[in-house]
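As structure tokens, the structure follows; a few thoughts come after it.
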Amino acid sequence: MDSLALEQARGWVAEARQIFVLTGAGISAESGVPTFRDALTGLWERFDPEELATEEAYRRQPALVWQWYQHRRELVAAARPNPAHHALAVLARLKSMTLVTQNIDGLHQKAGSEQVVELHGNLFANKWLDGCGRCDTVPPIPGDPPRCAICGAMMRPGVVWFGEDLPRVARFRADHAAESCDLCLVVGTSGLVYPAAALPGVAKENGARVIVVNPKPSALDETADIVLPAPAGECLPLLWPQAV
Ligand code: BJW
């Protein structure tokens, strides 16, 4: 990593009055959680996550998609936050900051971050698909999603699939954070999924400096004033010394 760029980024964090942090799957990679666009492994290697994460896929193959989420729930339940998650929890105590994540893994909260804005929901939440309003669960057939005993509706994970609107309050808080920050720190996202990927551009248009932390090139590099090409768990603790 270029030490001049690192030094400049440290200075920008120190000077910042209002920080907006946008995180993606890469921040949890060092916790052992595969990123969304990593190739799937084991039983799942034949499947494309972009094709599983839709309501259409769920309606077509509910057991398959439900089992994919159950597999990921087990994996994430065993994962622990890494130094990048911890560093952001420390930063929130030092600075005025809004932490917006696309992640559904809850690892920021496990590291002690509060008021995390979850743009894409949470892996451990459930909701009903076409529920009757009085839905009540019956024990599921193993492997199948639970169904409502009254109307037969299926339970589904409380995440945001492609083509679905983001939770309104989370969207509002994220937009406000992007519009009102003077520093935008983007960590571990490919910058391919909208509307989240548009937020750093909004910050920049409103005069903020933009720092991207990602070991590989991303679609947000052209928006960035500084790109730090390093793993988040190594890089973030260097950006504010109190996090080391
Ligand atoms: C490291 C690292 C280390 C590795 N340290 N880094 C405008 C233009 C084009 C398309 C659209 C548009 N607006 C909307 C769309 C459609 C669509 C979209 O964006 N499609 C694109 C793919 C083209 N968007 C939507 O459908 C959204 N909904 C919507 O817009 O609704 C409109 C509407 C309005 C009103 C009514 C109805 C509808 C919804 C998007 C939902 C996204 N959901 C998912 C799945 C969640 C559940 C699940 O996980 O199963 O969210 S998709 C998936 O991508 C997941 C992620 O949060 C999201 C972003 O991925 P992320 O985090 O960037 O991960 P990766 O894997 O892509 O990248 C990881 C990065 O980490 C890499 O760069 C690595 O290098 C890096 N890395 N190790 C730091 N150690």
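Glycine residues also receive a Cβ, built from the backbone N, Cα and C atoms like all the rest.
Secondary structure from DSSP puts His120 (active site, proton acceptor) in coil. Positions annotated as active site, proton acceptor by TrEMBL: His120.
Secondary structure at Arg72 (substrate binding site), taken from DSSP and collapsed to helix, strand or coil, is helix. Positions annotated as substrate binding site by TrEMBL: Tyr69, Arg72.
Within 10 Å of the C-beta of Ile104 (NAD(+) binding site) we count 25 further C-beta atoms, all protein chains included. The annotation NAD(+) binding site is assigned in TrEMBL to Gln102, Asn103, Ile104, Asp105, Gly188, Thr189, Ser190, Asn214, Pro215, Lys216, Ala232.
Here TrEMBL flags Cys132, Cys135, Cys148, Cys151 as Zn(2+) binding site. Under the DSSP three-state reduction, Cys132 (Zn(2+) binding site) is assigned to coil, being neither helix nor strand. For Cys132 (Zn(2+) binding site), other Cβ atoms within 10 Å of its Cβ number 12.
Here TrEMBL flags 1-244 as domain 'Deacetylase sirtuin-type'.
A Cβ distance below 6 Å to any atom of ligand 1 is met by none of the binding-site residues Arg72, Cys135, Cys148, Cys151.
Mean pLDDT for the domain 'Deacetylase sirtuin-type' (1-244) in the predicted structure: 95. Using a 10 Å Cα-Cα cut-off from Ile104 (NAD(+) binding site), none of the binding-site residues among Cys132, Cys148, Cys151 qualify.
Cα spacing between Cys135 (Zn(2+) binding site) and Arg72 (substrate binding site): 25 Å, rounded to the nearest whole number.
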